[in-house]
Amino acid sequence: MMKIGMACDHGAYTYKEEIKQMLIDEGHEVVDCGCHDTNSVDYPDMAKACADLVANKEVDKGIVMCGTGIGISIAANKVKGIRCALCTDVTMARLTREHNDANMLSMGQRTTGIETCKDIVHTFLNTPFSEGERHKGRIAKISAIEDAQ
Ligand code: RB5
């Protein structure tokens, strides 16, 4: 079982609630960074709240959502140490774990169906980083870009 941070903007509140309940039902612990209703919020604020939890290792993984998943993933990736992958299918979810060791997942309520999102979440959480030295070197280069800022 994992401790999972979640955040969304108003455009993905419905999916966040449904996926949060799924994870709780499966025995995971969820830290919900909001939002908590459909009133308008700014996705960068929501992204940062969840990304900080992941970067500080207060949770194992983070899941963020907005209308498209684009804005909230861009914002999450500005936090040092975050590798947030926008996924629209299970193959992307598998490969971003195997190749990129992604520590956050992003999805879009306006662009991906709820059942696909649930499958993406399961694949993302259950796939280990398994591709070895070749990919470790590339991830180290991502960190080097951050360190050079
Ligand atoms: C909010 O209106 C919308 O811009 C947001 O949910 C997301 O799609 C941004 O990328």
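Note: Cβ is positioned from N, Cα and C throughout, glycine not excepted.
For the D-ribulose 5-phosphate site, TrEMBL lists D9, H10, G67, T68, G69, I70, G71, N100, R134, R138; matching the candidates R94, R110 against that entry yields R110. Ranked by Cα separation from H99 (active site, proton donor), the recorded positions D9, C66, G69, G71, R138 are led by R138. Mapped onto three states, the DSSP output places R110 (D-ribulose 5-phosphate binding site) in coil. By the rule that a residue counts when its Cβ sits under 6 Å from some atom of ligand 1, the binding-site residues D9, G67, R138 yield D9, G67. Ranking the binding-site residues G67, G69, G71 by C-beta neighbours within 10 Å puts G69 at the top.
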